[in-house]
Each structure stands twice: as C-alpha cells, then as structure tokens.
Ligand SMILES: Nc1ncnc2c1ncn2[C@@H]1O[C@H](COP(=O)(O)OP(=O)(O)OP(=O)(O)O)[C@@H](O)[C@H]1O
C-alpha cells in the first residue's frame with residue numbers, strides 16, 4: 001500500500017469503505033474515510049486492502065484487476081451490479097448476483113445463439129458461457145461434466161439452474177420433445193418441492209442434481225434427476241409468513257371441480273397444515289412449571305381421542321388413504337406393543353398415546369405420505385426423459401449453500417455438513433489441483449496455503465465417533481434423548497479444534513444455550529451454534545409401528561405401493577413392538593458420498609449465486625452481507641491463488657487444434673509446441689502474461705481470452721498475423737543458424753584453449769616431478785661445489801708454506817681430485 005493512496009477498510013454496512021491511512025500501529029491502522037474527512041477509526045491490518053486507482057472501474061474477469069483481494073472483488077461486483085451486469089468471472093468461477101427483476105434480453109434466444117461454441121471469456125460473463133464451456137469440455141475431453149450452483153436461499157440457484165438446462169437443450173438438443181420435457185419438469189418439481197419462505201417466495205426445499213445425458217454425437221438423449229433432503233417439517237408446521245408446499249394452494253385454487261370434490265378441497269384456511277403453525281411451548285422440565293396451565297395446549301393424561309369436530313376430516317383422510325376409518329382412528333391414538341417379558345410373551349397390547357404423542361404420530365404420517373409422494377413424483381419425472389444409453393452427461397447441482405441463523409437445527413446441520421463436503425471438493429479442484437499442476441509443469445509458482453477441512457468432515461461423518469453415528473446410536477436406545485446425545489458428542493470430542501460448547505459463542509443468544517442443549521462447530525465459513533432439541537426425532541424417518549402396518553395394507557394401490565417401496569415395510573410386522581428407526585442423517589451421508597464420487601469423476605464448473613439484499617428488491621446492494629456470502633462460498637480463498645497464479649491453461653495440442661484451421665499448411669506442419677511458441681512470439685504477448693509448462697501454456701487471468709480474440713479476429717488481421725508468424729519463424733530460424741555457427745566457433749576456441757592449457761599443465765607437473773626427483777643431488781652438488789671453491793683458498797695457503805709444501809700440495813691435489821670425482825659422480 002503506497003503512501004497517500006486510498007485503501008479499502010472495513011465498513012459495518014457496506015463491507016468496505018475507501019479511506020487513507022493516517023497512522024500505523026502494531027497490528028492496526030488508523031484510517032480516515034474519504035467520505036468523512038477529519039474522522040478516523042482503527043482497523044485491523046489484515047482487513048485493510050489496497051484499492052484500484054479508479055474505484056468505479058469494473059472488469060468482466062475479476063482476475064484482470066491489478067489488486068486481487070476481497071475488497072476489490074466486492075467493489076467490482078458492486079459496480080457491475082449497478083450497471084445491470086450481474087455476472088462476473090473470477091477466472092473460471094462465475095459469480096451471479098440476483099437482480100430481482102427481469103433484465104431485458106439477458107436470457108433471450110438471440111443471447112443463447114451468441115454464446116454457442118464461444119470460449120470462456122470471449123463474451124461478457126454469463127451463465128450461458130459456463131454452460132457452453134461444460135458442453136465443449138465434455139465434447140473435447142470426452143468426459144462428463146458437472147456445474148455446481150451454490151448460494152444462500154434466494155440467491156438465484158434455481159433460476160440459474162433452469163437457464164443452464166434451457167441453454168443446453170436449446171443449443172444441443174435434437175429439437176424433439178425430450179428437450180422440452182427436461183425443462184418442463186421444473187414447474188412440476190417446484191410445485192411439490194418449493195414453498196414461500198421469508199427469504200424466498202419460491203424457495204426450493206430440497207436439493208437436486210439434474211443430469212442431461214448426451215449420445216456419442218453429443219446430442220441430448222435424456223435426463224435424470226436425483227433429489228436430496230426434502231424439508232419435511234414444513235408439511236405440518238410453517239413459520240410466520242411462510243407457507244406449505246405450493247401444490248396445496250394450487251390445488252385449492254385451481255383444481256377442476258371433480259378433483260376438488262374427490263379430494264374434499266376448499267379454502268386453505270380450512271386445513272390445519274395450511275392455516276397455522278405450532279401452538280406448543282418449547283419449554284424444559286423446569287421452565288414448564290412456570291407456565292400457567294391455562295396458557296398451554298390441553299394435555300389428557302393417560303390417552304387421547306379424536307374430537308367430534310374432526311370426525312369428518314378423519315373420514316376424508318381414511319377415504320383418500322384407502323384405510324378403514326376406525327383403524328385409522330385407533331392407530332392415530334394408540335401404539336401397538338409386543339410384550340417381551342412376563343405373562344404371555346408376544347401378546348399385542350395397545351398403549352394409549354398422549355395428546356402430544358398422537359399429534360406427533362399424525363404429523364409423522366402426513367410427512368411420510370408427502371415425502372414418499374415426492375419421491376414418486378421425481379421417479380415419474382425421470383420416466384419422462386428415459387434414455388437407452390448415454391456417452392456422457394452434464395449434471396447441474398442446485399443445493400442450498402452454507403446457512404447460519406440465530407437458531408440452527410438438524411436441517412442446518414445437514415446442509416452445512418453437505419457444504420463442508422462441497423467446499424472440500426472445491427478446494428480439491430481449484431486450489432490443490434492448481435498447485436499440483438503448477439509443480440508438475442515446473443512453473444516455479446509459489447505454493448498457496450489453504451485450510452483443509454477434512455477434520456471437520458470427520459467430526460460429522462467418522463465411523464462410531466462422528467456426530468451422525470453418535471446420533472444414530474442415541475436413536476437406537478430404548479429412551480433416546482437430545483441431552484444425552486449432546487453430552488456424548490461433547491465427551492467424545494473434548495479437545496476437538498472444530499467443536500465447542502455454546503457458552504463459548506461470540507453471540508450472547510447462544511451463550512444461554514446449556515452445554516447439553518447444543519454445540520458449536522467451527523465450519524470453513526464460520527462458527528455455527530446448533531441447538532440439538534429434536535435432533536433425535538428429526539433423525540428418524542420411521543413411522544410408529546401401528547401406523548406403518550396400517551398404511552402398508554391400504555386398500556388404495558397407489559398408497560400401498562408408496563409404502564411398499566420404503567426400506568422398512570417388509571419387516572414391519574416382524575418388528576412390531578420393537579423400536580423402529582430409519583436414520584435420516586446416515587441416508588444423507590450415503591447419498592452425499594455417492595454424489596461426491598460422481599462429481600469427482602467429472603470435470604467441474606462453479607457458479608456462486610449472491611443475494612444482494614434481504615428485502616428481495618432490485619437495485620439494492622447490501623455490501624456487508626454480500627461480503628459474508630463471498631467469504632462463505634470460498635471465493636476469498638480462491639483470490640489468493642489467482643493473484644499469483646495462471647488460472648487459464650491449454651495443452652499445446654489443444655491450442656494447435658483450436659487454431660490450426662486459421663493458419664496456412666506451412667505453419668501447421670510445425671510440432672504443437674513450436675506452433676504455439678511461434679504464435680505467442682509473433683503476437684508479441686508480454687512474457688509475464690503466460691508461461692510455457694511441460695505440456696501446456698498457462699495464462700495470467702484474462703490473457704487467454706485476449707489471445708483467443710486476436711486469433712479469431714477478421715481475415716485481414718489474420719493475414720497480418722500469419723505474416724508476422726512467418727517473419728518470426730524466419731527470424732527465429734536465422735537466429736538459430738547464427739547461434740549454431742557461433743556455437744561451433746565457440747567450441748573450436750574452447751578446444752584450442754583446452755589443448756594449450758593441457759600442455760601447460762603437463763609441463764608444470766613434469767617439472768615438479770623432476771625437481772622432486774633431483775632435489776637431493778642438486779643440494780649435494782651445491783654443497784660440494786662450495787667445498788671446491790674453498791680449495792682455491794687452500795692452494796693459496798699451501799703456496800705460501802715454507803716447509804712441507806710439496807707434501808701438502810700433493811694432499812690438496814688428492815682432495816681436489818676426490819671432490820671432482822664426487823661432482824662427476826653426483827652429476
Ligand atoms: N437471473 C434472475 N433474473 C431475474 N430474477 C431472478 C434471477 N435469479 C433469481 N431471480 C429472482 O429471485 C427469486 C429467487 O431465486 P431462486 O429461487 O433461484 O433462489 P434459490 O437460490 O434457488 O433459493 P432457494 O435456496 O430458497 O431455493 C426468483 O424467484 C426470481 O424472482
């Protein structure tokens with residue numbers, strides 16, 4: 001961050017605000033907002049980010065910004081949203097902001113045509129661009145593809161999913177009615193699976209994975225829908241301002257007279273499941289005492305009965321379910337038990353239900369009927385677009401994103417567990433694989449760290465000690481309780497980094513939850529406090545035995561079949577009297593693991609949907625909550641990687657195949673690597689914008705599109721380009737020849753130099769060896785010669801002698817002769 005330049009600093013409502021740094025502390029900065037000169041505030045250093053020079057500038061691919069951080073991402077999305085540009089790329093990931101109104105021509109048939117066959121990034125960001133990329137990848141790589149659409153409720157997942165399906169069937173269908181059927185299945189699924197909530201007037205209350213299947217020729221042949229976790233609690237109870245599933249209101253409003261009479265339909269106000277929510281207090285044993293009796297729903301000790309005023313409803317239900325009215329009455333108010341000890345073992349006894357138990361039994365029956373009906377609707381929908389064989393498919397996953405509310409229950413627990421798994425998949429695909437690829441290709445790009453969430457997934461799904469298995473264990477106890485389950489979770493994971501007790505929450509509302517009433521999980525997107533009341537009940541999909549037996553013997557074939565297909569119907573009678581349990585959590589875990597296995601076997605694209613405001617209105621951008629959605633969807637961690645990375649890449653042969661038709665034969669004879677190099681050099685692309693790996697070219701964000709655009713420009717431009725490529729080739733070949741000649745000369749000089757150096761070395765060594773060998777003799781010779789010199793002095797002395805001169809000179813001569821002989825010998 002440069003001196004005096006504006007920075008993005010946190011803002012409670014807008015997410016970020018522009019300001020300048022006026023002082024720097026140890027771990028915080030003093031910021032002066034641009035809009036409130038003179039006022040300052042402190043911001044943690046790691047939440048202040050450099051801003052672009054022009055805050056009103058926007059780019060189609062966020063990766064083309066100079067500064068890649070969460071603040072510039074939010075600002076780019078904001079500026080684009082203000083111009084009705086709701087789609088933005090972050091490399092290959094698409095961000096889609098819900099406009100809450102129909103943007104003219106955004107999804108028109110002309111727009112569909114425009115995107116057909118166009119590379120990602122060559123046209124403005126659009127959900128169609130992602131759909132087309134998936135299709136082209138499927139075709140080129142001969143591999144199934146998946147598009148993962150995520151976001152919170154009301155963010156636009158379902159709408160974008162529908163746009164993808166419409167695009168693929170329109171562009172690559174066979175024009176037969178199968179295409180239309182795939183698209184038309186949606187209204188039916190939405191009628192049974194969508195409802196009005198406070199967050200979305202048409203909220204999907206189930207997750208789905210829609211596969212469009214293609215044949216060898218890459219044309220649509222059929223489809224298949226898998227569904228996940230239909231919200232069953234809504235069938236019996238809705239929050240204030242919320243509704244039951246659309247189908248009920250539609251039937252009430254628009255069923256033809258014969259159906260209206262057959263189903264005994266009238267205004268929604270006359271149906272308990274449609275006209276009101278729950279009236280029971282959710283009190284604990286202790287607090288229950290404080291509530292006056294006349295404020296509570298009536299409780300009939302020792303049993304209950306169906307009121308006279310409800311007898312007609314009972315009659316209608318029995319009629320529609322194909323049951324005997326009396327049998328239904330008994331099954332709704334009593335429970336069948338087999339005695340296991342004492343007296344006549346195995347005797348069937350009927351235990352009366354308390355009012356609350358009977359209400360629960362009735363609700364359980366309603367939920368079971370509806371959820372099995374929903375399964376049936378999906379099965380029937382799937383029969384509408386059958387296919388004999390398929391080469392590949394494109395699957396679109398529309399599933400709720402990470403959720404956290406003031407009160408979070410089993411539903412949020414499951415959906416967040418699912419998002420934790422999807423985030424891991426996202427990490428695997430985007431971050432891990434990216435780094436591994438850079439390393440494999442020898443790009444020398446720095447490693448980017450990310451937090452692996454496997455420990456969190458294990459906390460939920462590990463065998464025996466995972467929360468789901470602990471919950472199943474609880475469900476199998478004779479007297480299961482939410483508190484005992486919660487205690488077990490805490491005891492088994494005392495020091496787990498991801499798990500803690502509610503009183504450690506940052507939010508006061510959670511600190512009031514007792515240790516045995518909830519737990520906090522630190523998810524990848526933030527900590528969530530789950531209140532475990534009703535976890536045990538919500539985890540059990542089984543009806544109580546008398547009801548299960550009853551419906552499995554319905555006179556109505558349809559009802560009978562709905563229940564025959566369920567897992568526990570066959571041994572219902574054998575198990576009567578025992579505790580029945582079908583685990584919701586573990587069924588979801590199995591489904592999820594199958595889904596992820598499928599996703600892992602496909603190529604993938606990601607669409608992150610964003611809800612711009614809570615009021616569900618157009619042209620209102622609530623920065624802070626959008627920022628939190630960007631963080632929750634893992635987009636912020638992706639930025640770190642993109643900043644220093646090369647998000648677009650293409651194998652040499654793929655580039656070669658893509659562009660060879662644009663080049664003359666002379667150039668296409670080149671091998672793919674040289675072909676690519678020639679293109680890049682000829683275009684004069686900045687060498688920082690791409691890197692040549694071992695098998696492919698890597699592009700900086702947005703640069704592949706630039707390259708593609710140049711390649712696909714008009715013929716004149718292309719002819720110019722071919723000229724440039726030719727010129728570059730001649731230039732590079734001439735350079736190569738020069739380089740070769742120069743290398744030969746260099747080599748010759750090197751050889752000569754080496755030969756000279758060898759001789760020098762030989763000489764020196766020989767000399768050294770010689771000296772070493774003759775040194776003692778030379779030393780001896782020097783010494784003897786020294787003696788020889790002294791002989792002259794002797795001769796002088798002897799010549800001056802008066803006596804014995806002759807004798808002495810003879811001795812001196814002998815000595816001289818001896819010395820000379822010695823010298824000769826040494827030599
Ligand atoms: N691209 C769009 N153009 C216009 N309106 C849109 C668009 N996307 C979403 N909407 C509006 O927002 C509403 C909510 O979108 P949608 O049902 O797709 O949300 P969702 O993410 O699937 O929510 P949920 O998880 O509750 O099902 C839609 O009914 C529609 O009115």
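Cβ coordinates are placed from backbone N, Cα and C, and glycine is handled just like the others.
Automated prediction, rather than curation, is the source of TrEMBL annotations.
The shown structure was predicted, so the numbers you read here are calculated from the model rather than taken from an experiment.
As written in TrEMBL, here are the features:
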- 151, 152, 153, 154, 155, 156, 157, 158: ATP binding site (BINDING)
- 798-825: coiled coil (COILED)
- 2-53: domain 'Myosin N-terminal SH3-like' (DOMAIN)
- 57-712: domain 'Myosin motor' (DOMAIN)
- 592-614: region 'Actin-binding' (REGION)
Among the binding-site residues 151, 152, 154, 155, 157, name every one whose Cβ is found under 6 angstroms from ligand 1, counting any of its atoms.
151, 154, 155, 157
A 10 Å Cβ contact count, applied to the binding-site residues 153, 158: which residue has the minimum?
153
Residues other than 151, 152, 153, 154, 155, 156, 157, 158 within 8 Å, Cβ to Cβ centroid, of the ATP site?
98, 200, 400, 401, 609, 611
Using a 10 Å radius around each Cβ and all protein chains in view, which of these binding-site residues has the most neighbours: 151, 154, 156?
151
Residue counts (helix, strand, coil, in that order) that DSSP gives for the region 'Actin-binding' (592-614)
9 helix, 8 strand, 6 coil
Looking at the domain 'Myosin N-terminal SH3-like' (2-53) alone, can you tell me the average pLDDT?
92
Go ahead and report the DSSP secondary structure tallies for the domain 'Myosin N-terminal SH3-like' (2-53): helix first, then strand, then coil.
3 helix, 27 strand, 22 coil
Given the binding-site residues 152, 157, the candidate whose Cβ has the fewest other Cβ atoms within 10 Å is 152
Filtered by Cβ under 8 Å and at least 6 apart in sequence, the residues in the chain of residue 155 (ATP binding site) near it are 96, 98, 401, 609, 610, 611, 629
